[in-house]
């Protein structure tokens with residue numbers, strides 16, 4: 001018999017929530033877990049972290065630390081590879097869902113963030129290691145095409161890599177990047193070109209150029225007879241990629257022609273009609289919009305907005321639509337020739353030209369998405385994405401510093417606003433003046449001072465108030481020290497760290 005002293009909680013080596021199967025799962029003891037699972041023992045699922053049931057509220061009120069530790073102990077057991085393999089009918093799905101749940105928990109339970117993140121990585125690694133056990137392409141296809149609602153693989157409808165898409169949804173990078181998975185994706189990508197990687201680079205280049213030049217023919221054939229051999233040929237991933245790339249490069253070439261105004265004679269027409277190049281650009285814009293609508297309809301709004309490239313496409317298409325609308329307004333409302341210098345500031349044609357210029361920038365930057373097709377340029381694109389996140393974090397701190405000094409300098413120089421001769425007022429004049437007379441002008445001055453475009457004499461005033469000038473110059477210098485020496489170097493360090501993580 002067990003001595004009574006060992007049954008006392010005060011003398012127990014483990015807390016009351018540690019059951020035998022939880023302890024066995026913590027040590028990943030396969031034999032003990034198998035024995036307990038065969039006896040019908042299971043690990044209870046913990047309540048959600050935001051659960052407000054009576055049990056969770058009372059447990060948290062009595063001892064919040066024990067309540068949090070109890071949840072952590074249960075998740076440590078649930079993340080055991082042996083327990084997942086022995087108790088789950090679908091180990092891949094269990095590992096995916098559990099790693100996602102643990103990642104979300106790490107954002108809520110900040111005190112145990114490192115523990116939950118480690119458990120999440122453990123689940124991801126288990127799914128990857130399990131995929132390592134596949135020994136043939138057939139086994140790999142069965143796993144990656146498996147659906148929850150239908151375990152039987154149908155050749156016609158079940159060959160859509162449903163499990164791989166689920167892994168992407170749950171952000172299982174280790175699973176997706178696993179060599180077996182990538183080998184299958186490569187074979188699907190070069191479906192019509194076996195041995196593509198072993199071919200000479202000149203043959204590859206010539207093949208891509210020929211297919212790219214023939215993309216209008218392929219597109220017409222697909223529209224007329226999508227089920228024909230040629231229509232099915234263009235649906236192959238590699239062929240589709242080349243055709244889309246060739247089409248987009250053609251679109252950029254048309255944008256270049258439009259920006260050079262090669263077919264427009266008089267630039268002073270208030271409501272100019274569309275040029276031939278602009279008419280040629282219109283089908284691409286309508287096609288982009290239709291493609292985004294179709295993608296949103298097929299994948300859903302939530303999946304659509306999670307991709308940053310889709311947000312960029314939305315902005316780009318919105319700018320083109322706004323440009324077209326403003327050009328229609330200008331064409332219908334204005335007529336005749338008037339010197340451009342006499343146009344009002346918000347003239348529809350001027351606004352349309354500005355929006356079109358911004359849209360051209362987005363269209364050109366969209367080519368960066370093609371970097372993922374290259375093993376050398378792909379990591380650079382990922383690093384660039386991480387750096388953009390670092391820049392957003394930096395801008396949050398920088399905006400606080402900018403607003404603080406802008407408010408102070410504007411308060412100091414508000415009383416010294418002057419009217420300059422020649423109606424040139426502000427920092428864009430040949431002789432800069434009134435740099436801090438308004439809050440908006442102060443914000444501009446401080447921003448451009450980062451690039452060394454603001455002179456120190458803007459801190460001077462016409463009155464002989466040397467103390468005010470000294471305080472203003474000191475504030476201006478302090479701002480430059482903080483923004484250039486401290487914040488900018490901090491941003492460089494953050495961006496370098498993000499690049500090192502990928503490289």
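Any Cβ shown, glycine's included, is placed from N, Cα and C.
Please treat TrEMBL annotations as automatic predictions, because they have not gone through curation.
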Which stretch, out of 74-101, 102-129, 130-157, is listed as coiled coil by TrEMBL?
102-129
In TrEMBL, which of the ranges 276-293, 294-311 has the transmembrane segment annotation?
276-293
Any residues 6+ beyond the ends of the transmembrane segment (354-373) with a Cβ under 8 Å from its own?
241, 245, 248, 251-252, 255, 258-259, 309, 312-313, 315-316, 319-320, 322-323, 326, 380-381, 384
